[in-house]
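Student: Structure below; questions to follow.
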Number of protein chains: 2
Amino acid sequence: MANILILGAGVMGTALAVPASDNGHAVVLAGTPLDDAVVAHMQASGGTHPKLDAPLPGTVRVIADAEMTAQDTDRADLIVVGVSSPGIAWAVDRLNGLLRRETTVAFVTKGLDRKDGAVVTFAETVPERVSRLGTFIGIGGPCIARELALRLPTASVYAARDKADAERAATLFRTPYYRLAASDDLTGVEACAALKNFFAIGVSAMQTRYPDARRADGQSKNPTAAAFTQAVHEMATLCERIGGARSTAFDLAGLGDLHVTVGGGRNSRLGHSLGRDRTVEEAMAQDLANETVEGIDTARVVASLLGAVRLQANGRDAVEFPLAQAIIDAVLGNALFDFDFEDLPTPANAS
Amino acid sequence: MANILILGAGVMGTALAVPASDNGHAVVLAGTPLDDAVVAHMQASGGTHPKLDAPLPGTVRVIADAEMTAQDTDRADLIVVGVSSPGIAWAVDRLNGLLRRETTVAFVTKGLDRKDGAVVTFAETVPERVSRLGTFIGIGGPCIARELALRLPTASVYAARDKADAERAATLFRTPYYRLAASDDLTGVEACAALKNFFAIGVSAMQTRYPDARRADGQSKNPTAAAFTQAVHEMATLCERIGGARSTAFDLAGLGDLHVTVGGGRNSRLGHSLGRDRTVEEAMAQDLANETVEGIDTARVVASLLGAVRLQANGRDAVEFPLAQAIIDAVLGNALFDFDFEDLPTPANAS
């Protein structure tokens, strides 16, 4: 039995308590200050998160931010940071205040960052911000939290610089319904987990851009399948530029997570609006009022990665990343989404 | 302007007449004997195929099998074989009877075959059966014929042993809405095009096996995304065993075509039935009565490729191809579909 401390009682942090607890580990789930109401609800309701359908196993201890002490971190064999990207500063502060020895920390939080002029992942910037962070574990792959909490079959990948560390962490969480691969491409897993939000906007836009009234879901299929393929290839090249392995984009953290992100969630809903010829400003004012769309932040970083930021589509220049460029033009330039297949390169079949 | 002869007035053969004709080529669309009623309908209706929503351009000449002569093949710069796999024998006979000089032939028809004990594609067996077949072109990628005929954005790949031949053929068909890559991995494109029908059965089964009443489409997402990723990787390894390149499975003919095939068509409908705990016999007697499901034929060949054909799931042996094995057990063994995530390997992140 191990002791696992999860920081953040959002849906993903909470869902990870299920396999950890099913494996017989002692799990403490600590909310952020923003989670106080959720924590109170869970404490009063026998562990049912308001956005999840199933209660947590009774062995999970749910506490509010104010209740968490250094004893909780002292005991922890592994800490999970389960906050979304705006919460990373809170997690860094809390870890710096509480950690009294080097501890392994697994991050669900994803985002791209800049460091010394280069685009990097949290795996390159967070460790130096947390003084006693032992091993950094990145968690990627196609996982909707609600489905994991329901114990539906889910596959994910745990990554660390040393694959043995990744496998050690994965062993704590792996169950018959939560199948975990281990990878030493930490940067690649982190990069793909952030990039998939960005590309999901573009692929989802193709789902609504060419409607097909003869299908139950109203969507044509050829444009989306082509855009999905193009997205995976552009993600592979960008992953490589960030320092990850191409192959990671062709596995769970890349095409797998992109698959699950298209058609569900806020990035996809933004894409669906763009596909219906709304601008990003219109979409954010209407369908997505008061919501954070992580793929928009990623778009800013991808734009700097591409070098030439064309904020408006001005003519049909040959571009190396036609789908990324179309997303950037729409999301940062507030232009209509226009992914023209004439911009597709005539590529070799090599991936 | 080139002369293009299309053999087979099925949906795909007919749809290919649209971009060819839009490019200004003279197109003759010749039905098989089974297409006589379709040809009569098209001749009477100004070129509207009963299963397509748009009429053909008026310049396309539609003729019945009996009207086709050696003059048509003499004139053709390129012939397209657009029949489904059961029609390949007819196409071979007709080509042998009509061809008076070496001619390039592009094949939409896909299937796996056996030759000297090995599993091969039509690219390895058809050329020696057609005495004047010049260059063999394989066409792959995510393309629903009805959508191509409607000129919706579609990407595909044309393959030949020599990439310049593939590019020459692609040039005849490439339009702003029909974007074509060229590949020299003919065997890989042919292998993936056949394998995707088989794997679409398994991925589609996961769409119905774990329903989610809270979604509009009633489907959970984690199990399908994991199965999709697993399918692409198993397809890559099988593609390699057949003599193709792994990378082809990660491109349009592989993951792209799998994407479009899951959720539409007969292979997918069989998968949906299997996911609802029907046996293949029940599915073929009910949902798919009197229909041909190409993935079932492919399952027989894949079973021989895997070496050990376990027609019944007897225990949880470690298997290299857990998804392929689950499909084979269900489709050839008439067992309930049982793709247990416990059978997933804990793979490296390499593709």
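Cβ from N, Cα, C; glycine included.
What TrEMBL shows for this protein is this:
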ACT_SITE  B:Lys196  active site, proton acceptor
BINDING   B:Gly8, B:Ala9, B:Gly10, B:Val11, B:Met12, B:Gly13, B:Ala145, B:Arg266  NAD(+) binding site
BINDING   B:Lys110, B:Arg266, B:Asn267  substrate binding site
DOMAIN    B:4-164  domain 'Glycerol-3-phosphate dehydrogenase NAD-dependent N-terminal'
DOMAIN    B:185-331  domain 'Glycerol-3-phosphate dehydrogenase NAD-dependent C-terminal'
SIGNAL    B:1-17  signal peptide
Student: Using the alpha carbons only, what distance in Å do you get between B:Gly8 (NAD(+) binding site) and the residue listed as 'active site, proton acceptor' once rounded?
Tutor: 22
Student: Taking the recorded substrate site as B:Lys110, B:Arg266, B:Asn267, identify the other residues of that chain whose CB atom sits within 8 Å of the mean position of the site's CB atoms, giving them in sequence order.
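Tutor: Those within range, site residues removed, are B:Asn197, B:Ala200, B:Thr261, B:Gly265, B:Val293, B:Glu294, B:Gly295, B:Thr298.
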Student: For the domain 'Glycerol-3-phosphate dehydrogenase NAD-dependent N-terminal' (B:4-164), what's the model's average pLDDT?
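Tutor: Averaged over the domain 'Glycerol-3-phosphate dehydrogenase NAD-dependent N-terminal' (B:4-164), the predicted model reaches a pLDDT of 96.
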Student: Quick one: give me the count of other CB atoms within 10 A of the CB of B:Arg266 (NAD(+) binding site).
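Tutor: Excluding its own Cβ, B:Arg266 (NAD(+) binding site) sees 19 Cβ atoms within 10 Å.
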Student: Would you give the longest CA-CA distance, in whole angstrom, between residues of B:Lys110, B:Arg266, B:Asn267, the set recorded as binding substrate?
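Tutor: Maximum Cα-Cα distance: 15 Å.
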Student: Quick check: in three-state DSSP terms, what is B:Gly8 (NAD(+) binding site)?
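Tutor: Assignment for B:Gly8 (NAD(+) binding site) reads coil.
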Student: Far apart in sequence but close in space: which same-chain residues, 6 or more away, have a Cβ under 8 Å from B:Asn267 (substrate binding site)?
Tutor: B:Asn197, B:Phe198, B:Ala200, B:Ile201, B:Ser204, B:Thr261, B:Val293, B:Glu294, B:Gly295
Student: For B:Gly8 (NAD(+) binding site), just count the other CB atoms lying within 10 A of its CB, please.
Tutor: 27
Student: Please work out the number of neighbouring Cβ atoms within 10 Å of the Cβ of B:Ala9 (NAD(+) binding site), leaving out its own Cβ.
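Tutor: Total other Cβ atoms inside 10 Å, all chains included: 28.
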Student: Write down the Cα-Cα distance for B:Lys110 (substrate binding site) and B:Gly13 (NAD(+) binding site), rounded and given in Å.
Tutor: 13
Student: When secondary structure is assigned with DSSP, how many helix, strand and coil residues does the domain 'Glycerol-3-phosphate dehydrogenase NAD-dependent C-terminal' (B:185-331) contain?
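Tutor: Across the domain 'Glycerol-3-phosphate dehydrogenase NAD-dependent C-terminal' (B:185-331), DSSP assigns the residues as follows: 97 helix, 2 strand, 48 coil.
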Student: If you count other CB atoms within 10 A of each CB, which of B:Lys110, B:Lys196 wins among these recorded positions?
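Tutor: Per the Cβ count within 10 Å, the most buried is B:Lys196.
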Student: Under a three-state reading of DSSP, tell me whether B:Lys110 (substrate binding site) is helix, strand or coil.
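Tutor: Reduced to three states, the DSSP call for B:Lys110 (substrate binding site) is coil.
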Student: Which residues in the same chain, at least 6 apart in sequence, have a Cβ under 8 Å from the Cβ of B:Met12 (NAD(+) binding site)?
Tutor: B:Gly82, B:Val108, B:Cys143, B:Ala145
Student: Any idea what the Cα distance is from B:Gly10 (NAD(+) binding site) over to B:Lys110 (substrate binding site), rounded to a whole Å?
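Tutor: Computed Cα spacing between B:Gly10 (NAD(+) binding site) and B:Lys110 (substrate binding site) is 14 Å.
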